[in-house]
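Peer 1: After the structure tokens below, expect a handful of questions from me.
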Amino acid sequence: MSRLLPLLRSRTARSLRPGPAAAAAPRPPSWCCCGRGLLALAPPGGLPGGPRRLGTHPKKEPMEALNTAQGARDFIYSLHSTERSCLLKELHRFESIAIAQEKLEAPPPTPGQLRYVFIHNAIPFIGFGFLDNAIMIVAGTHIEMSIGIILGISTMAAAALGNLVSDLAGLGLAGYVEALASRLGLSIPDLTPKQVDMWQTRLSTHLGKAVGVTIGCILGMFPLIFFGGGEEDEKLETKS
């Protein structure tokens, strides 16, 4: 950190990249995010008189996407060491194939390949949608019939709490759903790097995810079969 502080003092709060007007512009205090809080590095003359902005993104500036250096860095830091190693190997392999086929004209994906891409992306999201909707319905119903009667919360509030439980469960079950989908024997579609970047492939990918989530959410409504109207009538009688 002691080596980075002189460099951070020479950068503005908006960017760490040198610009053409960086030398002529005055140097406002920089902000250093140290994990536990924000540390203001004020210039020798004292603190500025203007308002201070907390955070690394100024107002109305969008968050960094994955196609930027900051977004890619944030994504890499969120991975485990084994995941980073596997990602690095696959990136090297993918780039070597892309360089070898750079001058070759890649044909568009065939309808069979597009169908395979569609199915490959739809199956995991069927599991995601199924678990999300089923857990939300079961948790929301039990919350409404237990805590809802005691505290007198509405049905929408119970559904919101059920959605909270479903989201928390999804954080831990996402890896198991992906592992189960990989055991079905669906390997990665055999496409060249140029074919992966074509609009037909991306369209099939997004359609597969959308259809998979839709089917999964519809299948996840099956707990409604076991919840009849008697429980609702009992709740209304208890409230009255």
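One is the number of the first residue shown, and numbering goes on along the chain from there.
Positions of Cβ are set from backbone N, Cα and C atoms, glycine also.
Positions annotated as transit peptide by Swiss-Prot: 1-61. The feature topological domain 'Cytoplasmic' is assigned by Swiss-Prot to 62-110, 166-209. The feature transmembrane segment is assigned by Swiss-Prot to 111-131, 143-165, 210-230. Swiss-Prot lists 132-142, 231-240 with the feature topological domain 'Extracellular'.
How buried are these features, and what lies next to them?
Peer 2: Sequence-distant neighbours of the topological domain 'Extracellular' (132-142) (same chain, 6+ residues past either end, Cβ-Cβ under 8 Å): 158-159, 161-163, 165-167, 169-170, 216-217, 219-224, 227, 231.
Same-chain neighbours of the topological domain 'Cytoplasmic' (166-209): 94, 97-98, 101, 106-109, 113-125, 127-128, 131-133, 135-136, 139, counting only residues six or more beyond its ends whose CB sits under 8 Å from a CB of the stretch.
Within the chain carrying the transmembrane segment (210-230), a Cβ under 8 angstroms from the stretch's Cβ atoms is held by residues 118, 121-134, 136-138, 141, all 6 or more beyond its ends.
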Peer 1: Could you break down the residues of the topological domain 'Cytoplasmic' (166-209) into DSSP helix, strand and coil, giving a count for each?
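Peer 2: Breakdown, helix to coil: 32 helix, 0 strand, 12 coil.
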